[in-house]
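TrEMBL lists 1-23 with the feature signal peptide. As annotated by TrEMBL, transmembrane segment applies to 135-155, 167-189, 201-219, 225-244, 256-279, 285-302.
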Amino acid sequence: MAGRTARLVLLAGAAALASGSQGDREPVYRDCVHRCEERNCSGGALRHFRSRQPIYMSLAGWTCQDDCKYECMWVTVGLYIKEGHKVPQFHGKWPFSRFLFFQEPASAMASFLNGLASLVMLCRYHTSVPASSPMYPTCVAFAWVSLNAWFWSTVFHTKDTDLTEKMDYFCASTVILHSIYLCCVRTVGLQHPAVASAFRALLLLLLTAHVSYLSLVRFDYGYNLAANVAIGLVNVVWWLAWCLRNRRRLPHVRKCMVVVLLLQGLSLLELLDFPPFFWVLDAHAIWHISTIPVHVLFFSFLEDDSLYLLKESEAKFKLD
């Protein structure tokens, strides 16, 4: 929900710097990369590199040029530390110690665990909520959209490329829009299905236009940031307003309210931009880890609410 917006804010800010952070502007870094690529990334030297490169690294897309940038990053970091300077960023990211083929091990693992939590809660939802519940199809669709987003988040933090970056952005935006649609169905659509259908078509149109512009025209980080902050605010305000209005009548709504407030509070972690502890754990990874129980709580709310709506609809049917 709102947490995805905060994540997009940080990603947009980092990506805007990706073409020229302090570390990769350093002459020592540039010279190191140039010499490394000349020495290792062509002819017989490249064949030797490929022959000794672990298969999991090549399958993950790590190239000779990537290895040169990685090694020269640490050379530059070592010089900064030796001279008593603050550690710089490289290509919009802090230096991370690679583990196997994971570029950002903690964030990749946390993204995977968020996805796993979503999958477990989806299975629990399937088991405990009958398909006849009015919110069943919308909640299940939201769970799959979330799973897809966490998959691409895991891939992106494993290996940052143009494709994985865009998929991470686009899937995160899709989660926010689907959360808005979920809220629309819950607050309006159950009584007025035509309104929900029209609103769904509008959201799909907005998502298509958004992705098309960023993919086919230009990837404008400033526009992407503004668009996602806007839809994130709509998402937060709508859910929170509904929760406040129904908190006394529906006790389980408090879970949703706690989720919205927690995600807003945890979003502040994204502002604590610092070099990673042990070159692994940065603020973004800590935020990812902290959202795991929040997602569990939100799916628990969806389960409770779906069962409540089912009971309510069955009671109305008996009265009729």
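Even glycines carry a Cβ here, placed using N, Cα and C.
If you look at the transmembrane segment (225-244) against the transmembrane segment (135-155), you find fewer than three C-beta pairs under 8 angstroms, all six or more positions apart, and that falls short of contact.
Tertiary proximity for the transmembrane segment (167-189) is limited to same-chain residues at least six positions away from its ends with a CB under 8 Å from its CB atoms, namely 1, 4-5, 7-8, 11, 135, 138-139, 141-142, 145-146, 148-149, 151-153, 155-156, 195-197, 199-200, 203, 206-207, 210-211, 214, 224, 227-228, 231-232, 234-235, 238-239, 242, 305.
Sequence-distant contacts of the transmembrane segment (285-302) (same chain, at least 6 residues past either end, Cβ-Cβ under 8 Å): 1, 3, 6-7, 104, 106-107, 110-111, 113-114, 117-118, 121-122, 124-125, 135, 139, 142-143, 146, 153, 252-253, 255-256, 258-259, 262-263, 266-267, 269-270, 276.
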